[in-house]
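Take a look at the following structure, please.
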Amino acid sequence: MSITPLMPVYPRCGVRPVEGDNCHLIDEDGTRYLDFAAGIAVNLLGHSHPGLIGAIQEQAAKLMHVSNLYGSPQGEELAQKLVDTTFADTVFFTNSGAEAVECAIKTARAYHQHAGDENKFELITFNNAFHGRTMATISASNQEKMHKGFNPLLPGFKYVDFNDLEGAKAAIGPNTAGFLVEPIQGEGGIRPATPEFLQGLRQLCDEHDLMLVLDEVQCGVARTGTFYAYEQYGIEPDIVASAKGIGGGFPLGACLATEKAARGMVIGTHGSTYGGNPLAMAAGMAVMNTVANDEFLGQVRAKGERLRARLEQFIGNYPDLFESVRGAGLMLGIKMKVEPRPFMVHLRDNHQLLTVAAGDSTLRLLPPLVIEDAEMDEFIEKLSAGAADFEVPTGS
Ligand SMILES: *Cc1c(COP(=O)(O)O)cnc(C)c1O
């Protein structure tokens, strides 16, 4: 037998972390890495946050899981906190981002179909989007590499260019239920939606009674310096899928909706065995209590601006390698003039700096939101040393 016990779907690298220490990861052979990947925008409080660890330990000892057949004081508390913090009136808890997007898709379809409009099932989505790996969420993305081997896809998705408002408008038809869009494309390469684009989609939704569904799985939960990224666009969505940072490392996702948007999500229409269990709620509450306040969000914005300024200054030294810096808050990307993957590998293997490659030739920087100047200094040092001794692979 040659298949590995861990199903070999990931190109796993040689870094094998066994311990976290705030913004660093420690490998099984003792090597320390500066973690500017943060589990891909998950570990927003780093790896040693006493509030998060304490909340999980305390809740684990008390009660980890009960069925959603029972009342949930823990779920009510976190849902209320999310409702108080955002546009939403109601929340469904999931265990992952893809499930949060699934719930968002179902909510958008049910909005129309619950009112008797059976034909409105199609979501217009955007090229190079990433919404997860379930059948519905791969169908919601135009990326062929995620479809291969898994056909047939689920019907009900139409793809248009990101930031192409005219294209989005032209795609509206009798079957359109709404738009599904990332305010800042993450896997697609830290590409922010333009204000005109998101505001235009909002307006189209208002005009045509469509659902504006935002996938904030990566850009949400304080990452960009506001609790959700949509706040920076001066619009309110109908439905938001959230996950990644929301559990700070504990598996947790959420689908948020207005009362109007959730009109189809009545008793018996949706569910999840684990979703919203007391342990996940304790983790989510610890995260919310830390990040959902003006002081923390202001710090994220300030750190983001400092990091961005330093990056912009730095990339000028290597005009052959780097093109520009983009993103918001601590969701930053360096658009490169060469393939980002070999550079990411070089930073990792030769300078013990963890980053993430993304689409559109972009190197993603997603540090824990609790980084301080010391980690920022260390990051710039490692990045500078990495750029100085990087040899562009031939053919790249
Ligand atoms: C990561 C991600 C998802 C999927 O989340 P999972 O927890 O891996 O299912 C969906 N949408 C976006 C924008 C993401 O970045």
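Cβ atoms here come from the backbone N, Cα and C positions, even for glycine.
Okay, so TrEMBL annotates it like this:
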BINDING   Gly97, Ala98, Phe130, Asp215, Glu216, Val217, Gln218, Thr273  pyridoxal 5'-phosphate binding site
BINDING   Arg133, Ser272  N(2)-acetyl-L-ornithine binding site
MOD_RES   Lys244  N6-(pyridoxal phosphate)lysine
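Thinking about packing and proximity, how do these listed features fit into the structure?
Using a 10 Å Cβ-Cβ cutoff, Thr273 (pyridoxal 5'-phosphate binding site) registers 9 neighbours.
Non-local contacts of Arg133 (N(2)-acetyl-L-ornithine binding site) by the CB criterion (under 8 A, 6+ apart in sequence, same chain) comprise Ala98, Met146.
Taken residue by residue with DSSP, Lys244 (N6-(pyridoxal phosphate)lysine) is part of a helix.
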Given the binding-site residues Asp215, Glu216, Ser272, return the subset with CB under 6 A from an atom of ligand 1, ordered by sequence, or none if empty.
Asp215
By the DSSP assignment reduced to helix, strand and coil, which category contains Gly97 (pyridoxal 5'-phosphate binding site)?
helix
